[in-house]
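Peer 1: Pasting a structure here, questions to come.
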Amino acid sequence: VLTDMGFTAPRLPLAALALSAVGCASILLTRHIDRRRRLPLSAAAHFKWVRKHFSNVERRAELNLAVEMALECGKAIMLSAGARVQWKDDNGIDPCTATDEANEALVMKAIAQAFPTHALIGEEGSAKAGCIPSLDTETPTWIVDPIDGTQNFVHGLPLSAVSIGLCVYGRPHLGVVYSPHLDELYVGVIGSGSFLNGRRLYGDGCEQVGQAMVITDVGYERSPTGIKRMGAVTASLLGSSVRALRIIGSSVLSVCCVASGRASAFYCGMYEKDCPKPWDWCAAYVIANEAGVVFKRLDGSAENAARAFDVMDCPSACCAGSEVLAHTLQTMVREAMTSA
């Protein structure tokens, strides 16, 4: 084969060429380059679309600050490979890094200066206090996860995100999620839609398990009972010929994948220890809800308009791009958990 340099490159076996092609395709898919939609290639450089799409929202100042802080924290993540790790549990499963703490401090300081009457809830601050503060429905409250997917971050797997959400009157009102390794900025505001790098988001609308890409998370549970329960749910899905079952290690990004139509559904919290916390849900919930994603509780409690999905008190949950799939997944997971 004649190359641009004027010499002949060795011929590769077809299998090697095929693997090389698959590898290249995987890289392109991972970067989510979509030339047909001509998505912006840099969320940080092109986030003026936020002001365009949300020019009439009531809390523009809060939204602009959330975007600026998310991008700033994203830069810190990219510059902090090999950060010092501390462990929140005795088993060395739940990590905290200096970057987590620095990011949270940065966001909290900026919010406190800009909005001194607002309340603040952060993952690392709550961990140190040993409890999650209650949500005052009369006070606008920010809920922050400085790095979601910290295990991925610690191990150098480029699947982590900054999550900044704002609750108003006790309900999630706006959400900003930034995935720095993919340079993807998700933004949603209640009543105004949600967007990824300027592209309007919609769930994929899938209704059949056999056509669904489903994401889950194993969390921190390692007891025989917990493992058996997770295995039972996995077996149920595989037995129903689910098209694909994935674990990406970030609840925030998992929900955002459902919002963007890259995945059909997500479920988690099969054991009490692994129940998502407010910072896992708040921002991503707004983004997904505005994309038409349906959320369901998995804990078996009665659902009504007031308690159908509460980011401050949701033991376990699933979400999907259609009501039909959300209900089907809810039923399957509940039955498998009960039988385990």
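Using N, Cα and C of the backbone, Cβ positions are placed for all residues, glycine too.
A quick note: this is a predicted structure, and the numbers were derived from the prediction, not measured.
The transmembrane segment annotation in TrEMBL covers 12-30. The Mg(2+) binding site annotation in TrEMBL covers Glu123, Asp145, Ile147, Asp148, Asp280.
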Peer 1: For Glu123 (Mg(2+) binding site), what is the secondary structure state per DSSP, taken as helix, strand or coil?
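Peer 2: Assignment for Glu123 (Mg(2+) binding site) reads helix.
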Peer 1: Identify all same-chain residues not among Glu123, Asp145, Ile147, Asp148, Asp280 whose C-beta atom falls within 8 angstroms of the centroid of the Mg(2+) site's C-beta atoms; report them in sequence order.
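Peer 2: The surrounding set, listed in chain order, is Val144, Pro146, Gly149, Thr150, Ala161, Ser163, Ser251, Val252, Lys277, Trp279.
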Peer 1: Around Ile147 (Mg(2+) binding site), how many other C-beta atoms are within 10 angstroms of its C-beta?
Peer 2: 32
